[in-house]
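Visitor: OK, Swiss-Prot features for this one:
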BINDING   D458, D464, E467, E468  Mg(2+) binding site
DOMAIN    39-154  domain 'tRNA-binding'
DOMAIN    405-480  domain 'B5'
DOMAIN    707-809  domain 'FDX-ACB'
Amino acid sequence: MQFPESWLRTFVDPQLTTDELSHALTMAGLEVESLRPAAPPTEKIVVGRVLEVVKHPDADKLNVCQVDAGTGATLQIVCGAPNVAPGIKVPVALVGAKLPPAEEGGAPFAIKLSKLRGVESQGMLCSARELKLSEDHGGLMILPEDTPVGQDIRDALNLDDTVFEIKLTPNKADCLSVFGIARETAAITGAPLAAPDIRPVRAELTETLPVKISAPDLCGRFSGRVIRGVNARAKTPRWMVERLERAGQRSVSALVDISNYVMFELGRPSHVFDLDKIHGGIDVRWGKRGESLKLLNGNTVELDETVGVISDDAQVESLAGIMGGDSTAVTLDTTNIYLEAAFWWPDSIRGRARKYNFSTDAAHRFERGVDYSTTVEHVERITQLILDICGGQAGPVDDQIVNLPQRAPVSMRASRANRIIGVEIDKDEIAQIFTRLGLAFERDGDVFRVTPPPHRFDIEIEEDLIEEVARIYGFEKIPARPPVARSEMRATDETRRSVHAIRHALAARDYAETVNFSFVDAEWERDFAGNDNPVRLLNPIASQLSVMRTTLFGSLVGVLRHNLNRRAERVRVFEAGRVFIADPAVKAGELAVEGYAQPKRIGALAYGPVVDEQWGATTRQVDYFDVKGDLEALLAPVVARFVKAEHSALHPGRGARIEVDGRAVGWIGELHPRLMQKYELPHAPVMFEIDADALVARALPAPSEVSKFPPVRRDIAVVVDQKVEVQALFDEMKKALAEDACKFVQKVALFDEFRAKSNTSSGMSAHEKSLAFRVTLQDAAGTLQDETVDQAIQTLVDRMARVYGARLRG
């Protein structure tokens, strides 16, 4: 949005300098991108009157002019402009004057006393282009008759005016006009707002144009009037041309300029039809497939049912709310016109211009929303200017209202506004802010019920009103309050270690940390978690990142594949991250979302050689027991049980459930062969995933006395059915340690396993196996006697025999 400061100050004139006004607008959300002078610097250029014009004696295209420039003496100036004539007033550059450089960055053009074809010239008569006021170089810049002779041209044309360029956010459609900016300025500064003086024009004709609105979802209100006898060749007043140019709009013709002027002034695009080119009445409707329209810009567009049009009895005449058609365009020969101003529903205009690869000021405004209550007033304003400039006789305004927005009140709680803004704003001050913004409201204690005005399409929810309060209150008045945290010593729980310590421990065991998205491919969830109903994202950033993960296995395999594709041979990675599981038992809290558990887990993956290639170690592929050893070291001193179980992502015979104190805390094992084949992995990676809490918790270290007496070691071999797991025997022996007979048992370790191929002299059947355990016993108070040791060993054997049918091997 671009406009001159002088135009703005005709509506509101706060006691602020240009820079202060710019800062105030920016801090209220109307970002001023640039301030620039209306014209480049000039010196010694004044208003002069041409007194006499005679032909140059030695040049056909030059004239010798006598000029009164208010200096007390008549100046002789040689001029080649085709429109020079006695009596006109023009800008005169005196000797010593400086004009803007011909090219940007060049030196100013200095005027000197010179001779042109032997005739002395005491200055220069200037065109608008030479002053860098416009691109018009067809002749001299003719000034209004009432401009004082001798006045500095900068004062005469207000060239020290400042042009504001404001970057508006899409929701601020109410500021796409000078009056809209003025309305905001008045609210921000408290300066009085002078509304435009719009008076109804007396109708001298009774004629109206038949109008039918067939699409109320396209057009909610349509106002128009007939004006006859206009002079389309009338010259646009200099003040209007000046304002349009400083708003970035070139002058076209009086009728077009007036329509554009009111759009920049009040924010409503309008359209002027050549009445004599309209066939019958007009119909506001949706387009039809197969129809086409040649637009004012020369393009011909193909229409369909998604585009609104204005048609007459013969053809389509305009692209509704976007651009008029060429067939009814006004020309310099136009004498009768039909003036239209309407309310177009934003949804019916949005995106239609872009569909045809162009944009217009009208579409830019209508797709954001334009005041639907002022169509008649704007028709009256345009009519007033047309009659003043072009003459003519106006008919009555035909105003058809079929479907206007029903704006529901929006409630705002003052307490919530204060909490969000971060400062206590008095309720009376909030009421004053709403009054300054022109927002009608009802107040009920802490609650303000605001009815959005017709020009504010951006007020729909409570947060919109809170934004308005913050803007007008002033962001600069909101104090900067950095978060304050009390500095105090906090006790460290010695029974817990941080996740950072776990990261360091894994890094020390040659694992590299990786960080992955918490959202993954739905196929990963099926493959690695057996989950067909994951937590889905409402707005995923990519189709392959559409669900929240419930396991880290998929992310780790994804990292493995990424590295293998880059010719890595040995990969050891881990991740400490959260998974997301639907759980109705979870209640909402500061760090919790109702219905969803978000536990933190530690996952790791090892692939390839167990060690880097070297001369001192044999190369082999990493296996289950390598990774199990890493996990046991990570858990120490906690001892976990590894229970044979099946997981959808793990090898059926090489995977286990991890249990700590009887509670399942994770999984470990080789990747399932099916997934190896699917993800094209040459070897099986070994992975584990475990709850972070199981690794964080640790027992408080307790000192124990080192015995001065030697330990006793006994080996026992028991025969059991091959289906009996070693872990089950360990569990039974661990239970026996609670008995008094086994109180001196320090350690039990398996050191041998034997399986008979058939019934042999070993005394074992083919379905049995022999397990050899080494039992270490020690007493801190004295040397153990054989009787005590024998009793402990017998207790262990009896327990295994009672539960699993174990017998000592003979």
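In case you wondered, yes, glycine gets a Cβ from its N, Cα and C as well.
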Visitor: Per 10 Å Cβ neighbour count, which of the binding-site residues D458, D464, E467, E468 ranks highest?
Guide: E468
Visitor: Tell me, roughly as an integer, the mean pLDDT over the domain 'B5' (405-480).
Guide: 94
Visitor: Run through the domain 'B5' (405-480) and tell me, per DSSP, how many residues are helix, strand and coil.
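Guide: Helix (H, G, I), strand (E, B), coil: 33 helix, 14 strand, 29 coil.
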Visitor: For the domain 'FDX-ACB' (707-809), DSSP counts of helix, strand and coil?
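Guide: Grouping H, G, I as helix and E, B as strand yields 33 helix, 33 strand, 37 coil.
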Visitor: Once D458, D464, E467, E468 are set aside, which residues in the chain still have Cβ within 8 Å of the Cβ centroid of the Mg(2+) site?
Guide: N171, R456, I459, E463, L465, I466, R471
Visitor: Reported in the order helix, strand, coil, what are the DSSP residue counts of the domain 'tRNA-binding' (39-154)?
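Guide: Grouping H, G, I as helix and E, B as strand yields 2 helix, 49 strand, 65 coil.
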